[in-house]
Amino acid sequence: MGNSAMKPAFGTVTGLMQDIARIGADKHRGGYSRPVFSGAETELRSWFSEQAGRRGLDVYTDVNGIMWAWWDTSIGIRRDAVVTGSHLDSVPGGGAYDGPLGVASALIAIDILKSRGIRPRRPLAIAVFPEEEGSRFGVACLGSRLLTGAIDPNKVRNLKDVDGNTYADVAAANGQDPRFIGADLSALNQLGLFIELHIEQGRGLFDLDQPVAIGSSILGHGRWKLSVYGQGNHAGTTLMSDRHDPMIAAAKILVGIRDAATKYRDARATVGRLQPIPGGTNVIASRVDMWVDVRHPKDEITASLVESIHLNARLIAAEEGCNIAFDVESLSPTVHFNTSLREQLKGLIPAAPILNTGAGHDAGVLASHIPTAMLFVRNPTGISHSPEEQIEDADSEAGALCLADALSGLIGRARHIG
Ligand code: HGY
Ligand code: MN
Ligand code: MN
């Protein structure tokens, strides 16, 4: 897979991933917790900046917190650029590779291009998008949504983390002026296409016995916040018959969500986060907040599944003398990657199969503005968003080689492919 290349000047993907292996390690959950604007994510940003600087790339962070590292052509005009990259933030207790693999592979791909004596005839940049997981402020792909104007900057400024800190305050404390976040047409107009390498979050490649695949589509997905309101009270002095316990309603609603999703082939519905308020052992909760992640290849099925979840939750809450609030936090339609770019990649990496993904990515957000593509690298267990996420070293290097082959084929092509 991929052309044979001399040893890259700066090392290997495995070596770069080892460089950052201790950053953001979560002793409590296992894996990594690298929320946006945290010390760990900030340290990863400095690591990227240093690595890109070592390669002579021009690195800066834009108004939306997106990092760009440019390898300019001799004429220096930044237009119609080929962009690759991914994200450095993680879910709580996430794996090492979801995000950083794409960033490390982009750095090594540039090493490989340089070791082959290739100079860009079209600007080439690495982009690192913040808050791809939406783990701190609740909206997935926040950086690419801001860049493309897909989200109201006022809504973003007022997003809060679990401690009640607003995005505006945290961004300002981290050197980003929240007054200027939002659609950035000057940045967007520099871009010609985006190709993101990512660890596969599934076992497709393992089953096909291939190291790298080309992406075809991203499943539509959304997140809703469901709050169940009951009557807070004392665990010892409140008879069972006198309770309006939102935890009971929430438990029934949760099982109902699973049952509703199993009725639709290919649907996925998950509650990975549930928060009783106030959360005391000897306290009947007054409220329970839960967050529902729903996905399906057909957006209309996602909508009807969410509708039935909402209705069922309302009915169950009423039975328990409770009521609910149900609000959308983020919603992304199913995205089919640019066919011409995908076919071009197929020509450049002929052995790579075509696979879809159930995971969201910044490439999905950018797809409505420029041709985008993805490369997936084999994940032997398919497990992701877990400390057990893993990859074989040889596959990491194969991924970077394929990315280098793709980039060398894409540099210097006309802006709009097909
Ligand atoms: O949630 C997702 O699909 C992605 O990992 N952000
Ligand atoms: Mn992820
Ligand atoms: Mn990811």
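Every residue, even glycine, has its Cβ placed from backbone N, Cα and C.
Bear in mind that TrEMBL entries carry predicted annotations, made automatically and left uncurated.
Note that the coordinates shown come from a computational prediction; the quantities given were computed from them, not determined experimentally.
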Quick check on the annotation: TrEMBL has His87, His198 binding Zn(2+) 1, so which of Asp72, Asp98, Asp177, Asp184 does it put in that site too?
Asp98
Does anything in the same chain, at least 6 positions from Asn282 (allantoate binding site), have a Cβ under 8 Å from its Cβ, and if so what?
His234, Ala235, Gly236
Applying a 10 Å Cβ distance cut-off over all chains shown, what neighbour count does Asp98 (Zn(2+) 1 binding site) have?
26
Cβ neighbours of Arg223 (allantoate binding site) where a neighbour is any other Cβ within 10 Å:
22
For a Cβ distance below 6 Å to any atom of ligand 2, name the binding-site residues from His87, His198, Arg223, Asn282, Arg295 that qualify, or say none.
none
So if I take the binding-site residues (Asp98, Glu133, Arg295) and measure from each Cβ to the nearest atom of ligand 3, which come out below 6 Å?
Asp98
Indicate the candidate from His87, His198, Arg295, His385 with the smallest number of other Cβ atoms within 10 Å of its Cβ, considering only these binding-site residues.
His385
